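K.L.:
I have a structure here, written as structure tokens, and I will follow up with some questions on it.
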Ligand code: M6R
């Protein structure tokens, strides 16, 4: 989703901004732009398409030491040069980039800006025009900016240039993520530390409804009432090599391959000195004190939540409900007496999940966030956090974060259960070690999956994933992976549900990928496969050692029955990867999608 960068210092701002935007490409965008302060005023370069297209139009001769940049993921107005950021006020004195959605922009237009001609369809332009209006009415820029912010309803991360104050970048945030990075005689602004890791690893977090005045030597945080806020910086513990592709053709493939290492890292991170799995006792207490857990998440994280429900109910005997964040916020179920909310989010920034968290905290309920990003909004605002330790996930399609979520949920369920004399039936450390080895085998033999992808998915327009019990949830994730990066219409179904409607879609040759890793439902899913074959489907059965049958297309190494989702998802991730590759799709940056969905 939209990304913001800013730089003010002594070196060429253009290159730092462009490189920063390239690091934000993973978030998903459809246009990009930069604005830089020059001796003759602010110059704006913006273009629909990729950063590479923007690079083409940025004049290399322009000398500049201050600027802001933006990648736009269209919400208000189509992807176009006109709607791309930065946007300028009528006199071009003020120039602004924005991430978020201003819900009352039409009302603000009507009420304050009826005589202004707008150049774009965006909500953003209202903000920059309001700043100019208030300055024209006599306010100082700082005051005009704060006045404008106080009128905005919705989410924003903002960076503003003033032609008349070229030594300052004005910054503000509400709900959308934004950091200020500190340097030696320079400072930067970024939606994500990754963008500016090239120049600094020291960052100051911004809280909602704060504004910041950034010069090359100073960073001043203020609340909207003008009160100055002091906040110590933190060090972004990111290794620059973690965010490089290295020799891999795509981040997604690199991240799939990293899964065994991630599982091992999680085991280590959650082991105490005695080698036992351990979790902050306060979290265990919160889990065991609740009468019902409500898992709230989106997309892949929601699918991880479905598996997590099974883990927690079986190992800790606590009832769990799993909810899609975008629905939960507006359609809350009847809650139990002592609910505990668990937010699962790779990025920790998903706006739908955050809206639920804000609501839940207003109601006074405890919340735990399971995330990959320490210091992310969902982590900061929940009472407790469990980290995924998966390392940065750059590809839009989530892979290693999903397996990490499952591993952490299994550990949570086991440790909470063990505190009550329950827990995992076997040695979870050992079984997760076996899982890591099994994933290693799978990623080492990916050529077989590439072959299957070519055979089943090269030309088809649709595909179905079926499974029962845990396999059903993994099928949902397999279908999401396939559709998001290959654009094949893919759906996951519970094997038994097909007969209730979906089987009508089965035609001669329709690929049906069936998971058969669960002994308790093996016969039933085999029956469902027969039903679709009888109607012309082209079946691809992925089973597990010990449960395999003669015509199965792929057999997974055996792991503990409850942990099968951690490995059965891997061939599905690889199937999606190769299907997208064979169809010439942009694997890491699929159309219309954003990595971090920071608008509701
Ligand atoms: O960062 P989050 O885990 O909160 O993101 C939630 C979804 O947007 C995300 O899982 C999305 O579905 C992935 N692109 C799927 O691969």
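Positions of Cβ are set from backbone N, Cα and C atoms, glycine also.
For 2, the entry in TrEMBL reads active site, nucleophile. Annotation source TrEMBL lists domain 'Glutamine amidotransferase type-2' at 2-217. As annotated by TrEMBL, domain 'SIS' applies to 283-422, 452-590. The annotation active site, for Fru-6P isomerization activity is assigned in TrEMBL to 595.
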K.L.:
To the nearest Å, how far is the Cα of the residue listed as 'active site, for Fru-6P isomerization activity' from the Cα of the residue listed as 'active site, nucleophile'?
P.N.:
10
K.L.:
On the 0 to 100 scale, where does the mean pLDDT of the domain 'SIS' (452-590) fall?
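P.N.:
Summing pLDDT over the domain 'SIS' (452-590) and dividing by its length gives 95.
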K.L.:
Within 10 Å of the Cβ of residue 595 (active site, for Fru-6P isomerization activity), how many other Cβ atoms can you find? Include all protein chains, please.
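P.N.:
There are 26 of them.
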K.L.:
Quick check on the domain 'SIS' (283-422): DSSP residue counts for helix, strand, coil, in that order please.
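P.N.:
Per-class counts: 65 helix, 27 strand, 48 coil.
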